[in-house]
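Colleague: From Swiss-Prot, here are the annotated features:
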- 7, 8, 9, 10, 11, 12, 13, 14, 15: ATP binding site (BINDING)
């Protein structure tokens, strides 16, 4: 079975997907890490992130490998583990540009669809585009302020600056991030992580 968990930036997708995957005893797949890795490689190479052709050519010459694990995904480029570098502010600022490229999205989608179920997939369009026939779809949301306060606990930045960046990111991601018609929408704002995980696992179809 494939479970999809989509949602806005900093809505808790990765933590929730990891928790649901552990509860089910299956891997979880973070599509966002592939976009972040593509952004990081493009920035390291000095590429114009708005140049889809150059970015795609570079990615094909420097293949990425997603390692899906229940406790947390890792992304490799050759022997280099990119994972520790993927959540910097610089990557945050560039990832929406990269994710907006249709051919880059197709490149990511192909890698995800090549994975063998069962797994929990989290991202922006897992339930709408990548795995539209998944039997269990969820969409996480929360106010920009709540999301900014959560993210401020992970990095030394002012809540106001993070909130402004998230609002901008939401506007850029509107076309990519929308709940599937058959997705269950969960506002994570008033809930603990464990409560969100239970809310999802309690609604899963019988295996």
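Including glycine, each Cβ sits where the backbone N, Cα and C put it.
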Colleague: Just going by other Cβ atoms within 10 Å, which of the binding-site residues 11, 15 has the emptiest spot?
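Modeller: So among 11, 15, the binding-site residues given, the one with the fewest Cβ atoms within 10 Å is 15.
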Colleague: Helix, strand or coil by DSSP: which one applies to residue 13 (ATP binding site)?
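Modeller: Reduced to three states, the DSSP call for residue 13 (ATP binding site) is helix.
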Colleague: I'd like to know which of these binding-site residues, 7, 9, 13, is least surrounded, judged by other CB atoms within 10 A.
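Modeller: With the binding-site residues 7, 9, 13, fewest surrounding Cβ atoms within 10 Å: 9.
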